[in-house]
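Some features that Swiss-Prot has for this protein:
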SIGNAL    1-25  signal peptide
DOMAIN    34-112  domain 'EMI'
DISULFID  Cys38-Cys97  disulfide bond
CARBOHYD  Asn50  N-linked glycosylation site
DISULFID  Cys65-Cys71  disulfide bond
DISULFID  Cys96-Cys110  disulfide bond
DOMAIN    111-143  domain 'EGF-like 1'
DISULFID  Cys115-Cys125  disulfide bond
DISULFID  Cys119-Cys131  disulfide bond
DISULFID  Cys133-Cys142  disulfide bond
DOMAIN    145-185  domain 'EGF-like 2'
DISULFID  Cys149-Cys160  disulfide bond
DISULFID  Cys156-Cys169  disulfide bond
DISULFID  Cys171-Cys184  disulfide bond
COILED    202-233  coiled coil
Amino acid sequence: MGSRAELHTLLGGLSFLLLLMSGQGAKGGSFKESQGVCSRQTLVVPLRYNESYSQPVYKPYLTLCPGRRVCSTYRTTYRVAWREVRREVQQTHAVCCQGWKKRHPGALTCDEAICAKPCQNGGVCVRPDQCECAPGWGGRHCHVDVDECRTGVTLCSHRCHNTAGSFTCGCPHGLVLGPDGRTCAEGASEPPTSASILSVAVREAGREDRALRREIRELRGRLERLEQWAGQAGAWVRAVLPMPPEELQPEQVAELWGRGDRIESLSDQVLLLEEKLGACSCEDNSLGPGLSRRR
């Protein structure tokens, strides 16, 4: 009797442990599947829309039946018709926990972490306010440059120069940097590397970019002056013309164009006469006979 009671107690304890383990496993799996989701809501959304369907149409007609009798029958045709449809659909809505957000409004997961201050220098926000930095950078927001030359690891055989997010190696006089970019060896200077060529190209591109920006500024200034001149010219033309330019007929435009040519010719003649008169001078500041000086 006692052994049976002990067995019953043991089985009950095992059942409780199995139930507890299964509950923990389900809870852990649910958390892993729904990372960043605090709750889910099922909403009933009413829909109302129009849909097309094939509507039968019965058309009667007369035909000749056996026995030379006239019979009335019908044939069925179909046409496209529209009808209003109303239905309700269930839509699941996920509520994100603090520090998480959805990749798009309709997503059912909240797998994009939020960092109050953006991760810098190629860092990625992997958990709320936690950045995963790119190699060569550290700090909470990946804003601190890691000095590889002071990590205690020998990276260069001679000289190590720290750069932003990386490092470069250098060699003393008489030695050249090897193909690995870290060790130095004796030998003639190697041809320029793609990195040095790229650096020169970048500098040239920078100069060209500055020249292009300067030219763009000059062109913008010219364009502004042309627009101002065009506005003044348009106002002058509208003041001189007997009617708005858009109401002129082709023959009127041709006549005005001819007048403009004649005015330009007369203007050139007047300018020539002014130049000739400016070159004339009288001796002793005296005028010719029959001419009197105005006072």
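Glycine residues also receive a Cβ, built from the backbone N, Cα and C atoms like all the rest.
Projection of Swiss-Prot feature records onto the structure.
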residue : record         : Cβ contacts under 8 Å, 6 or more apart
Cys38   : disulfide bond : Val95, Cys96, Cys97
Cys65   : disulfide bond : Cys71
Cys110  : disulfide bond : Gln35, Gly36, Val37, Ala94, Cys96, Cys97, Trp100, Lys101, Lys102
Cys131  : disulfide bond : Cys115, Cys119, Gly123, Val124, Cys125, Arg140, His141, Cys142
Cys149  : disulfide bond : Leu155, Cys156, Cys160, His161, Asn162, Phe167
Cys169  : disulfide bond : Leu155, Cys156, Ser157, His158, Arg159, Cys160, His161, Leu177, Gly181, Arg182, Thr183, Cys184
Cys171  : disulfide bond : His158, Arg159, Leu177, Cys184
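Around the Cβ of Cys133 (disulfide bond), the same chain contributes Cys119, Asn121, Gly122, Gly123, Gly139, Cys142, each under 8 angstroms and 6 or more positions distant in sequence. Using a Cβ-Cβ cut-off under 8 Å and counting only residues 6 or more beyond its ends in the same chain, the domain 'EGF-like 2' (145-185) has close neighbours at 121, 134-138.
Helix, strand and coil counts from DSSP across the domain 'EMI' (34-112) read 0 helix, 60 strand, 19 coil. Other Cβ atoms within 10 Å of the Cβ of Cys184 (disulfide bond) number 18 in total over all chains. For the residue listed as 'N-linked glycosylation site', the Cβ neighbour count at a 10 Å cut-off comes to 8, with all displayed protein chains included.
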